[in-house]
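Undergrad: So TrEMBL has the following annotated:
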- Asn44, Glu54: oxalate binding site (BINDING)
- His47, Glu54, His93: Mn(2+) binding site (BINDING)
- 5-144: domain 'Cupin type-1' (DOMAIN)
Amino acid sequence: MRGIFDADYPPNFKVTKASMSEFPALNGQSVSLAVLEYPAGSINPPHMQPRSAELLFVVDGSLEVGFIDTTNKLYTQTLQIGHMFVFPKGLVHYQYSADQPATAPSAFGSADAGTVSVPSTVFATGIDDSILTKSFKTDAATIEKIKAGLAAKA
């Protein structure tokens, strides 16, 4: 983590984690941290942490953030330097840096909050295309196009 603030923004969205996997001293401490770096125009795609809420704090730039509650209501806000936002445990959320780079550390109430990426989980785990076409009410060509786009960015 030492080099984060001495470096230029990465070319793509980047997460540097300090969780139990990277820093075993956190075992049993119920806390972890991630520093999120967003070049202009980048996104942290829809995802969730199954074992913790997330407290995001913007230290540079601005971010559009949002989460979806259990009734499918979308809550969004544009955050500036010094603003914080809480993503409730287990709810799908995202962050988007529209026109300028941004940096935001996130704190978690678990040493192993976990991350479940919605695009990867749905389209890159081998769920049969027939299930996906029915679920998204689309055709197989569209599903294949989405899968190809995800593979190109991996």
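Placement of Cβ uses the backbone N, Cα and C atoms for every residue, glycine included.
Please situate the listed features within the shown structure.
TA: Using a 10 Å radius centred on the Cβ of Glu54 (oxalate binding site) and all shown protein chains, the other Cβ atoms total 23.
Take the CB of His93 (Mn(2+) binding site) and look out to 10 A: across all protein chains shown you find 22 other CB atoms.
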Undergrad: Please report the number of other Cβ atoms within 10 Å of the Cβ of Asn44 (oxalate binding site).
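TA: For Asn44 (oxalate binding site), the 10 Å Cβ neighbour count is 23.
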Undergrad: Applying the rule Cβ within 8 Å of the centroid of the Cβ atoms of His47, Glu54, His93, what extra residues of the same chain belong around the Mn(2+) site?
TA: Asn44, Met48, Gln49, Phe67, Phe87, Leu91, Val92, Tyr94, Gln95, Thr115
Undergrad: If you draw a 10 Å sphere around the Cβ of His47 (Mn(2+) binding site), how many other Cβ atoms fall inside it, taking every protein chain shown into account?
TA: 19
